[in-house]
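So the structure is just underneath, and the comments pick up after that.
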Amino acid sequence: MFKLKNFEAIKIGLASPEKIREWSRGEVKKPETINYRTLKPERDGLFCERIFGPTKDWECHCGKYKRVKYKGVVCDRCGVEVTRSKVRRERMGHIELAAPVAHIWYVKGIPSRMGLLLDMSPRALEKVLYFVSYVVIDPGDTPLTKKQLLSEKEYREYLEKYGNRFRAGMGAEAIKELLQEIDLEKLSKELRAEIKESTGQKRVRAIRRLEVVQAFIDSGNRPEWMILEVLPVIPPDLRPMVQLDGGRFATSDLNDLYRRVINRNNRLKKLLDLGAPDIIVRNEKRMLQEAVDALIDNGRRGRPVTGPGNRPLKSLSDMLKGKQGRFRQNLLGKRVDYSGRSVIVVGPELKVYQCGLPKEMALELFKPFVMKRLVDKGLAQHIKSAKRMVERVRPEVWDVLEEVIKEHPVLLNRAPTLHRLGIQAFEPVLVEGRAIKLHPLVCPAYNADFDGDQMAVHIPLSMEAQAEARFLMLAANNILKPQDGKPVMTPTQDMVLGCYYLTADEDGVPGEGKYFSSPEEALMAYQLGYIHIHAKIKVKMTREINGEKKSKVIETTVGKIIFNEAIPQDLGFVDRNNPETAFNLEINDLVDKSKLGKILDRVYRIHGPTKTAETLDKIKELGFKYSTKAAITISVSDMVIPKEKEKLLKEADEMVAKIEAQFRRGLISEEERYEKVIETWNMTTEKVTEALMATLDKFNPIFMMAHSGARGSKNQIRQLAGMRGLMADPSGRIIELPIRSNFREGLNVLEFFISTHGARKGLADTALRTADSGYLTRRLVDVSQDVIVREEDCGTDEGIYVEEIREGNEIIEKLSDRIIGRIAAEDIVDSEGNVIVRRNEMINEEEAEKIDKAGITRVKIRSPLTCRSRHGVCRMCYGRDLATGELVNIGEAVGIIAAQAIGEPGTQLTMRTFHTGGVAGVDITQGLPRVEELFEARKPKGLAVITEISGVVRINESKKRREITVVDEENNISKTYLIPYGSRLKVRDGQWVQAGDELTEGSVNPHDLLKIKGIYAVQSYLLQEVQKVYRLQGVEINDKHIEIIIRQMMKKVKVEDPGDTSMLPGELIDMFKFEEENKKAIEKGLRPATGRRALLGITKAALATDSFLSAASFQETTRVLTDAAIKGKVDPLIGLKENVIIGKLIPAGTGLSRYRNITVVKKEDQEKKEEVKKEAVDAKASS
């Protein structure tokens, strides 16, 4: 029995004609499909039941045998085997071709494999195959050469001249003969010799030919199998024909394509039998070749075959390629049972780990569970009556549903699922209505809001799946973001506003300065209405210190007392050992969004996830309650326009008039005038904003919303009540006419018109960049999907040195941020020689702070970049799992997490321009395209010139151009670089530079850096550049995610000289495999190969993976499969994608084999077993 778990690998290769006949159940001889009167398949046609099996279960074509009892009988009348109709999905047929036909993938692919083997150009090959020219097969004793092309006229001339002394042919037959004659071993030796001797184009061509020849030798494929004598016909249920309502038929395009092949083949047979003239036969053969081409890959050569309405027909290749192809549509994106979707509404009364499930949906989803429980409880006699009860929705069904649903988690997912927090598990609570209720705190993780978003529900069925959902996916366990380890469940909007209002204080309100003997008394006074929630009061606090009660009077407000009741009082914000501060409230200042984040971070670090979930719920209750009580809302009167605005605008007008006057007098250029005007207006806008902020009361609702981080920003307040300021035109150039009004006053027509440019551009950009970002994520996932934590420690001594990342004087990422949660690669010692962190220990927050204080600027840490694990990475090189704060577990799919961590904010960034309404500001265009350029390792736009040698800079300027010469006096070498017009220099005359330093401003080409400075420099450069883009957008991503992607980009070695190994020059080979091969060679006393590390872009790297299934499902499906088939590749099923494609459990997390092989044994059984074992051992010892 074929079981999915039973196989380790999957192999692809070329099929020989014998193999195709072996697969087949019979030959398809007629182009007929089904009889339109009886609607039964025609015999020997494309749907023939004799070949492919019966259309109805257990029933032959003529109806002589019906029922299961005749299973396996072959009907003597119609020849159909009595069996299940399902076999029509697996039984294949074949067509015996009257003339051989070339397989288009191997002719037209790039590079043309057939062309390389025969050493013919693709054009020459095409001429022969499509009957334009003759090719000499055997020159005999004539002056012709083998494989020489002859036109019709030349052929006739030579025929008259030499008669039968030479042989030439055309079409696939001739090519087949040439392919059969190839001696691969001999050719391989010749090519290897040629590679050693030749140079330039000739050598490159020889290397490419050798690659193909070697592939055929290693895989055991024969070259002539690229020519088809027999064409396989795929099972009929994979190319179905169905009857539509009006009696017409809809059929798969493949049937049309097969029909054309069969018609032409039959006609060719007839012509050959009749002995028709050569020219007619040749034309028919060419048509047959074209028909087979169209079937395999329509449109690859010439015009595609079209169906009704000029639509190109979908060929076998099209069935596989692209988003709608077999790989991405059906193998990686299956639809699943036990799922539903509905609109979401907010459920503030839920706990963090709960969600509201509509009753009718729950009943349908849990139907089998409910039916079983009904039978178990004796409410129904058997499953059939239980099913009827559920379908009629009897009242007793609801009680049973409640029981079934209890403790059975469900998964909620919102598309687009940009990171793993887009699917989480919740405990369902039945609700009336037809909407799913979602807890407000999980919205940020899903990026969900309640303006009509929909979510999907999935039910984990098996016990294992339920356990995983409960322990790994429950929302209460996913409080931290995997990308940076910060809490993702931070309160937002109303909750923030409520807490802000609650912890504010105000002067001159009732009850100010009163004393209370305890917090409880203060609360009572507030509830009875004697004091205001914001009044500054004195309260006597009592605490137990070292077993004795002590008390002290502190100043606070009732609001702060209420807020502190919701959070633990040991978070370390207050020094509890100092008697001065020991009695203070943990949080005694104004709480805004960032402060809430810090509080939750501490709660998680100190008390763990369960307590954090409780605290979150308490903060949520408080927030909603007090934002309601405060009744904060926006009204037009809250938008206070500052009095100074008029004066500031007048000053600006005068300033602009002065600038214009200077320009007219010719004192400044047009460019300077423009810059100055823009600068003036920007300053004015700033001043107006400052005046506005000073005017607003601190209890002004709009100010509170922005200041607390609940909603809106300073920028938006400026537009409401200050002035909108400068706008950009469609090209992105800033229009020098500012918008003086704000939305409170209203814009005039011209101002409104100017502002539409920015708004429209914002929307268009958003739409485009969302797509770009999604595509970037897809490539990142594909390149890193097989990186899984596979071992404890790879044992390497290597590591990378990290220091803070700076851009000019600005620190982009602090050193402590970069080393927290990483493993030290060597002892970290302060100046006095005290060890702060030992080698192979994790650096935590406190230690990182110590390192900072000790003034250490460079630290060596373990990194995925230097990890020696063959597949994936080890725990030590990866360090802390950011989502849990512990050392990463074996089996964690860190590659996919890395891709999501980088891709998810990509989309966030892309969606950012949209909210400001298009006010001129920093656009992310340097953002996303820059990240893409780095990961694809492209030559960047605005290239910086870098020096290849170290030395002193000499700058020479002649009339037309500037040159920089770098002189290395020690080794007496110098190099001169031409500086393009308009570049800004980064160096001064006489300055000393290192090899690899930039001479001009701009981005460095990573490939040049790799050549000059080596691997470490490139890795560090890519990492820092990617970080700069994200940090400038205010997005934090941990280094290790970017390191994993860079590791995947640099996994391969490009072989330069193969030595005596079997590798080919110019071949890309896995670094570890390269080292292995060399080790083997050295052991045998042979010459090892030399090579250099290659830097591949993520697309290239994803296509260069060992798994052909993963590569084929990514991009360029036909090219990948062609290549894999010739090489006879074996896919070892190591990554995640390949296993999903063939339907095995993925080898990550609980699917890792080390976890799958665990069996659960009862304790008593185990003890018994051990006793028996012990007795056996004792008996053996005594004997």
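All positions are counted from 1 along the displayed chain.
Just so you know, glycine gets a Cβ as well, placed from its N, Cα and C.
Residues annotated as Zn(2+) 1 binding site in Swiss-Prot, with sequence analysis given as evidence: CYS60, CYS62, CYS75, CYS78. Over all protein chains present, the Cβ of CYS75 (Zn(2+) 1 binding site) has 20 other Cβ atoms lying within 10 Å. Under DSSP, CYS75 (Zn(2+) 1 binding site) is assigned to coil, being neither helix nor strand in the three-state scheme.
Using a 10 Å Cβ-Cβ cutoff, ASP451 (Mg(2+) binding site) registers 5 neighbours. The Mg(2+) binding site annotation in Swiss-Prot covers ASP449, ASP451, ASP453.
Swiss-Prot lists CYS794, CYS867, CYS874, CYS877 with the feature Zn(2+) 2 binding site, giving sequence analysis as the kind of evidence. In the three-state DSSP scheme, CYS877 (Zn(2+) 2 binding site) is classed as helix.
Spatially close to CYS794 (Zn(2+) 2 binding site) yet at least six residues away along the chain are CYS867, ARG868, SER869, VAL873, CYS874, MET876, CYS877, judged by Cβ distances under 8 angstroms.
The highest number of surrounding Cβ atoms within 10 Å, among the binding-site residues CYS62, CYS78, CYS874, CYS877, is found at CYS877. CYS78 (Zn(2+) 1 binding site) has ASP453 as its nearest neighbour among the binding-site residues ASP449, ASP451, ASP453, going by CA to CA distance.
Separating the Cα atoms of CYS62 (Zn(2+) 1 binding site) and ASP453 (Mg(2+) binding site) is a whole-number distance of 55 Å. One way to see the shell of the Mg(2+) site is to take the Cβ centroid of ASP449, ASP451, ASP453; the remaining same-chain residues with a Cβ within 8 Å of it are ILE344, ALA448, PHE450, GLY452.
Figure note: comparing Cβ neighbours within 10 Å for the binding-site residues ASP449, ASP453, the maximum is reached by ASP453.
For the Zn(2+) 1 site, the Cβ centre of CYS60, CYS62, CYS75, CYS78 serves as reference, and the other residues of the chain with Cβ at most 8 Å from it are HIS61, GLY63, LYS64, TYR65, ASP76, ARG77, GLY79, VAL80. Of the chain residues outside the Zn(2+) 2 site list CYS794, CYS867, CYS874, CYS877, GLU791, ASP793, THR796, ARG862, PRO864, THR866, ARG868, SER869, VAL873, ARG875, MET876, TYR878 have their Cβ within 8 Å of the site's Cβ mean position. The number of other Cβ atoms within 10 Å of the Cβ belonging to CYS60 (Zn(2+) 1 binding site), over all protein chains shown, comes to 24. Take the Cα of CYS60 (Zn(2+) 1 binding site) and measure to each of the binding-site residues ASP449, ASP451, ASP453: the nearest one is ASP453. Around the Cβ of CYS867 (Zn(2+) 2 binding site), a 10 Å sphere holds 26 further Cβ atoms from the protein chains shown.
The two recorded residues CYS75 (Zn(2+) 1 binding site) and ASP453 (Mg(2+) binding site) have their Cα atoms spaced 58 Å from each other.
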